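I have placed the structure first, in the form of structure tokens, so that the comments after it can refer back to it.
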């Protein structure tokens, strides 16, 4: 099986063309391939499949390193767009793909950055899903014998955003896994730790569902900005500084889609016998 190794700001992926190859990935195989000692090593596996609808270009599937399938990955979407162009699967600059929960438009710019229409953030608890009586801008939760104030949103996957004074000293390794599996998130959640530098600039660390802390999380950056705007903390255009680098997020507010712009890097191509 042929594959490519790619990354978006250090969030790394194994990308596989299932348009011209017959492939099947069991959870056991994914976990073995994800192992950085005996496999390829990656945060997520991205699979390019033929479209299910003639109006679409491809179907986009995402698997975490633990073998679970998820419905959204913003950094992966940028790598997906670069991959299908690099491999000659399309020469379009605007690529329309389906995911497990909807559609996305991926636009490759002249300088090879990728702009992704991530859709409109959804703050309804049932959409996240999150156990709450009604939607709130800020929720009070108990975790590890402490009170946590957070915002909750779906970007096609569940996100919880916690504002902190300093991301460098935030208890990501302790609070991340506790909040990820909190009983109020029936499908678990991605946990963002956001430091507001000014209205146009935040710093962010993300503990990803099924992957742990990664160097960058595209949908996490989108979620942090969406929550920050909803809470009146941020402007419509925000620079997000992650451990792996920078993303630019733009959202005009309710009724509008959110856009993410950032790089996607091809590392190498490989072949593996399964």
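Here the Cβ of each residue, glycine as well, is placed from N, Cα and C on the backbone.
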Same-site residue for substrate (record: Swiss-Prot; known: 11, 44, 64, 74, 75, 157, 208, 209, 218, 219; options: 101, 122, 190): 190
Candidates 11, 64, 75, 190, 219: member of the binding-site residues with the richest Cβ shell (10 Å): 75
Subset of recorded positions (190, 209, 268) lying within 10 A of residue 73 (active site, proton donor), CA to CA, in sequence order: none
Active-site residues (73, 217), the one with most neighbouring Cβ atoms at 10 Å: 217
Distance, residue 11 (substrate binding site) to residue 268 (site 'Important for dimerization') (CA atoms, angstrom): 15
Recorded positions compared (209, 268) - highest count of Cβ atoms within 10 Å: 209
